[in-house]
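Asks: I have a structure here, written as structure tokens, and I will follow up with some questions on it.
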Amino acid sequence: MNAQTPIRRPISLVLASPRGFCAGVDRAIQIVERAVEKFGAPVYVRHEIVHNRHVVDRLKALGAVFIEELEEAPDDRPVVFSAHGVPKSVPAEAKARQMIYLDATCPLVSKVHVEAQKHYDAGREIVLIGHAGHPEVIGTMGQLPEGAVTLIEDLKDAAAWEPKDAANVAFLTQTTLSVDDTADMVALLRERFPGIAAPHKEDICYATTNRQDAVKHLAEQSELILVVGSKNSSNSVRLKEVGLKAGARDAHLIDDASGIDWTWFDGISRVGLTAGASAPEDLVQGVIDAISARFDTTVEELVEARETITFKLPRLLTA
């Protein structure tokens, strides 16, 4: 061995599966790509289509123009609504302006919208468990008249909620929160209102649950966990928190391989790697390559679940 060649320390890299894109994110990105193909550039997109900088930058390069509000888009160009969902007023405005619009709302989020309307039509008072200001929460609350949905962010909110008719209430949850995330609040609501109407089990986002369950098992056999995802991605932030709570010594959220601080690896022999639902697999591969370039790396996969779900594209793009 050449005297100048450093000794490469061994590292075991455990990949969580599933990780990265879920069916809703995959569909939303395809909608923007297909819209640019069909209608040419520019195609306007209201809000980040998904919360990932790399995805947004790539779509910008294809001809997508990201805007905050519909008023920023001209009447004669197509507009796409993000995967997080939008208030009812947004498609209503697009219709009034006779715009071509494509709704990339995740079908699981759309299910929550349908449930909200059903509860409202049945005269129930509704609480939504979620994070204030998150686009999905804004979209869900915007399905109904102002004041029809009360947002609950923590146990304090759940304890303080006083409906007019305690026997006629319902709760909904933000899809990027798992069963674990909401368990304490749901338990308190059920204790206070035994007859509260709850979401169907199949309406809970499979991707959020699967990715968090995978990270829990990853934490059992990793000293350090790296989560590939953007800081404004709710589900990515939660993956890091779940990893720490499940016993990982350290966990970090990184945009890509350039976000790695190599001092994190000091004294570490087993590293877990996962990605949020809006993070592309090529960024995960970039992290694997960066670690493999520095260490004698063995890669193994920890399979929590196999995901086969796909969602159909809007008819306008497939006709």
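Note that Cβ sites are derived from N, Cα and C of the backbone, with glycine treated the same way.
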Asks: Record says H84, H134, S233, S234, N235, S278 bind dimethylallyl diphosphate. Source is Swiss-Prot. Which of H51, H200 does it list for that same site?
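Replies: Of H51, H200, H51 joins H84, H134, S233, S234, N235, S278 in the dimethylallyl diphosphate site that Swiss-Prot records.
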Asks: What binding-site residues in the list H51, H84, H134, T175, S234 lie within 10 angstroms of C205 ([4Fe-4S] cluster binding site), counting C-alpha atoms?
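Replies: So the list is T175.
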Asks: Cβ within 8 angstroms of the Cβ centroid of H51, H84, H134, S233, S234, N235, S278: which residues besides those meet this for the isopentenyl diphosphate site?
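Replies: Once H51, H84, H134, S233, S234, N235, S278 are set aside, the remaining close residues are V50, P135, E136, T176, N232, S236, G276, A277.
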Asks: Which one is it: of the binding-site residues H51, H84, H134, which Cβ has the fewest other Cβ atoms within 10 Å in this structure?
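Replies: So among H51, H84, H134, the binding-site residues given, the one with the fewest Cβ atoms within 10 Å is H134.
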Asks: Please report how many Å separate the Cα atom of S278 (dimethylallyl diphosphate binding site) from that of C22 ([4Fe-4S] cluster binding site), as a whole number.
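Replies: So the alpha carbons of S278 (dimethylallyl diphosphate binding site) and C22 ([4Fe-4S] cluster binding site) sit roughly 7 Å from each other.
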Asks: Around the [4Fe-4S] cluster site (C22, C106, C205), what further same-chain residues have their C-beta within 8 angstroms of the site's C-beta centre?
Replies: A23, G24, V25, A83, L108, V109, T175, T176, Y206, A207, T208, A277
